Amino acid sequence: MGQSVVILGTQWGDEGKGKIVDLLTDKAQFVVRYQGGHNAGHTLVIDGKKTVLHLIPSGILRDNCKCIIGNGVVLAPDALLKEMNELESSGYPVRDRLFLSEACPLILPYHVALDKARELARGNKAIGTTGRGIGPAYEDKVARRGLRVGDLFNMDTFAEKLKEVMTYHNFQLTQFYGVEAVSYEDVLAAVKEYASLLISMVVDVTEMLDQARKRGDKIMFEGAQGTLLDIDHGTYPYVTSSNTTAGGVATGSGYGPRFVEYVLGIAKAYTTRVGGGPFPTELFDDVGENLCARGHEYGATTGRKRRCGWFDAVAMKRAIQINSISGFCLTKLDVLDGLDEVKICIGYKGEDGTVRDVPPMAADGYDLVTPVYESMPGWKENTFGVKSIADLPQAAINYIHRIEAITGVPIDIISTGPDRDETMILRHPFAD
C-alpha cells in the first residue's frame, strides 16, 4: 500500500483490469499506460453505461485524473483520435488531461498490413494476434528504424525517414507475402492531418511523474494484457510483443522502479485465454461452456470467444514471482455460482508421473504436462453484486481463502459484477 501502485493482469489478459483501475482512480492523480497498444480492451461499466477503452488509460473517466501514455506504448494515431472523439462526444474531456511521451513508437498502416499478411501466411500455426500492427511496430523499435511521436516535430525529416522505412516494408509485403504495397503518399498525408494534435500533447513523462511523486500525488500504472502473455516470461511464442509484467513499468514510463510500492494482481476466479497457445486447465465440456456464457467471455477488442478453464495456481505462482504481487483482486467470482464443485490446479504432472508446481518457460513444455486438481464444494447461492464478504456463501469464502493459502498472497479486492459498486475492497492499495 502506498503512493505508487501498479495494476496488472496475472493470467492471459481479460482479467477485468479496466473496472478496477477506474474504481481505484478516485484516489489517484495520475494514471499511466506503460506497454502494449490498442490491442488491449478495457471494459468499464458506470451507472449501467459500458465504455471500452483500447489505448487511453481508464482514469480518463475520472475528472481528478491526468492520463499518460508512456514510451513503452506503441501508438496508433488513428485509434487514439477515434477514442478521443468518442469520449468527448460522451461528455468526457480528454485533450487537456491526456499526455504523450515523445518516445512512443508510431503504428502506421504498413505495420497493420504486415501483421495481417504474416498471420495469413502462418495458416494453422497463427499466433492469434489482433492484426493491429502491434508486433511489427515493436520490431521496428528494436531494429531502430521505427518512427516515433517526437519525429513529428520536423515533418521534412519525418517524410525522409518514412520513405526509407516504407521502401523496406513494401518490399516484404509485395515480394515475400505477395500482397499489395501500402501507399507512401497516403500515409504521409494522413500523418500531416494529425501531427499537430499529437505534438500538442507531448510532455517529458519522466519529469512529470517525478515531480508528481515529490508532491505526494498518487500515481497508478495500468497494465494491459496479462503476465502470461509477456514477451519474455509468457508462453512463448504465443505471447504479445511487450513486457506486460511489473518490470515494464520502469522501462515503459521512465519511472524509477524503487518508487513502486504496491503491485495489485488482477485474477479471474477461473481462467480464460483468447487465441492460440497452451492452456492446461482449459475445459471442453458443459462447465467450460457455462463459464463462457455466464462470464460473457468474448474479447473486448476482437470479439473472439475466449477459452475457459479452472483457476491455475501453478501459472499464478510464476506471476507472483515475476511481479512481486502485493495483493490480488479476484474478479468474476459470481460466474462460478451454481456449480456443484469448483477446482484449483495445484500442480502439473509430467509424463514420468512427477508433479511440478512451477510452469514450463516455453509453450512446447506444456505439451508434456497435465493438470492436477484440488476439488472443493461449489455453491448454489447468487453472489452477483454482493458487496460484503459476510454475505457470501461459506463455500465461496472457503474458495477465496484456499486461493490465498495456496498462493501465499492476500485477496485485497473481490469483484462480483461489472459496475463500480459491485466490489468489496478489503484493503485499498492507496491506503496510508
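Quick reminder: no glycine exception, Cβ is built from N, Cα and C everywhere.
Around Asp14 (active site, proton acceptor), a 10 Å sphere centred on its CB holds 29 further CB atoms from the protein chains shown. Here Swiss-Prot flags Asp14 as active site, proton acceptor, drawing on sequence analysis.
What Swiss-Prot lists as active site, proton donor is His42.
Taking the Cβ of Arg306 (substrate binding site) as reference, residues of its chain lying under 8 Å away and at least six apart in sequence are, in sequence order, Asp14, Thr272, Arg273, Val274, Cys292, Glu297, Tyr298, Gly299. Under the three-state DSSP scheme, Arg306 (substrate binding site) falls in the coil class. Positions annotated as GTP binding site by Swiss-Prot, on the basis of sequence analysis: 13-19, 41-43, Arg306, 332-334, 415-417.
Summarising the annotation, Swiss-Prot assigns IMP binding site to Asp14, Glu15, Gly16, Lys17, Asn39, Ala40, Gly41, His42, Thr130, Arg144, Gln225, Thr240, Arg304. Cβ neighbour count for Gly16 (GTP binding site) (all protein chains, 10 Å cutoff from its Cβ): 20.
Among the features that Swiss-Prot reports, Mg(2+) binding site is placed at Asp14, Gly41. Secondary structure at Gly41 (IMP binding site), as computed by DSSP, is coil. When Cβ atoms from all protein chains are considered, those within 10 Å of Gly41 (IMP binding site) total 20, not counting its own.
Feature annotation from Swiss-Prot assigns substrate binding site to Ala300, Thr301, Thr302, Gly303, Arg304, Lys305, Arg306.
The distance from the Cα of Thr130 (IMP binding site) to the Cα of Lys305 (substrate binding site) comes to 13 Å.
The binding-site residues considered are Asn39, Thr43, Thr130, Gln225, Thr416; of these, Thr43 has the fewest other C-beta atoms within 10 angstroms of its C-beta. The shortest Cα-Cα distance between Gly303 (substrate binding site) and any of the binding-site residues Thr43, Gln225, Leu333, Thr416 is the one to Thr43. The binding-site residues examined here are Gly13, Gly303; by Cβ neighbour count within 10 Å, the least packed of them is Gly303. Closest to Lys19 (GTP binding site) by Cα-Cα distance, out of the binding-site residues Asn39, Gln225, Lys305, is Gln225.
Checking the binding-site residues (Asn39, Gln225, Arg304, Lys305) against Gly13 (GTP binding site) with a 10 Å Cα-Cα cut-off leaves Gln225.
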